[in-house]
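Some features that Swiss-Prot has for this protein:
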type    : residues                         : note
BINDING : 38, 39, 40, 41, 42, 70, 109, 139 : 4-amino-2-methyl-5-(diphosphooxymethyl)pyrimidine binding site
BINDING : 71, 90                           : Mg(2+) binding site
């Protein structure tokens, strides 16, 4: 798997009752330069999830973007997604890698636990996610992940790193400086009055940091 795909804004879909609005919002993020999208849906029925995931697959292909599915290997296979993201209770990473094969992306939630990130990397994870890096309305009980985790991971692990939790344009730069390859954002992106402009602003943070 080409890990150079794993850099920049990582848009995680919000819970939307309106599927058409969800697709329009994701399209706006892609138009703003976002190239990694995770479909996460805790509310819809399975038929709705399949339909939305298929539509997102078509949309991300149009923008040459990466589509990951949250917590569902079967759905990822069904829609030919680029990979999956698994939490600590969502399945064995070694088994997931065996099912996915070598060319799909496997991401793992590691919270504030560097040992978990080491284990995930050994199991074949392409990226490890630390968070919440800031207080998060989506996961208010999440452990606090410090920037030191990203510094250490960059030095010691082959896997890319993802920051998640309470990220905004204002508090994002220290995470990139510390070594975060991906910034996973829900609220600050999809609640923005102009999603395309907000996505573009996040992408510029990476361009400026690596220029």
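Residue numbers in this text run from 1 along the chain shown.
For all residues, glycine too, the Cβ spot is worked out from N, Cα and C.
Mapped onto this structure are the features recorded in Swiss-Prot.
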{"residue": "38", "record": "4-amino-2-methyl-5-(diphosphooxymethyl)pyrimidine binding site", "DSSP class": "strand"}
{"residue": "70", "record": "4-amino-2-methyl-5-(diphosphooxymethyl)pyrimidine binding site", "DSSP class": "strand"}
{"residue": "90", "record": "Mg(2+) binding site", "DSSP class": "coil"}
{"residue": "109", "record": "4-amino-2-methyl-5-(diphosphooxymethyl)pyrimidine binding site", "DSSP class": "strand"}
If I take the alpha carbons of residue 40 (4-amino-2-methyl-5-(diphosphooxymethyl)pyrimidine binding site) and residue 90 (Mg(2+) binding site), what is the distance between them in whole Å?
13
Give the distance between the Cα atoms of residue 39 (4-amino-2-methyl-5-(diphosphooxymethyl)pyrimidine binding site) and residue 71 (Mg(2+) binding site), rounded to the nearest whole Å.
9
Binding-site residues: 40, 42 - member with fewest neighbouring CB atoms within 10 Å:
42
How many whole Å apart are the CA atoms of residue 38 (4-amino-2-methyl-5-(diphosphooxymethyl)pyrimidine binding site) and residue 71 (Mg(2+) binding site)?
10
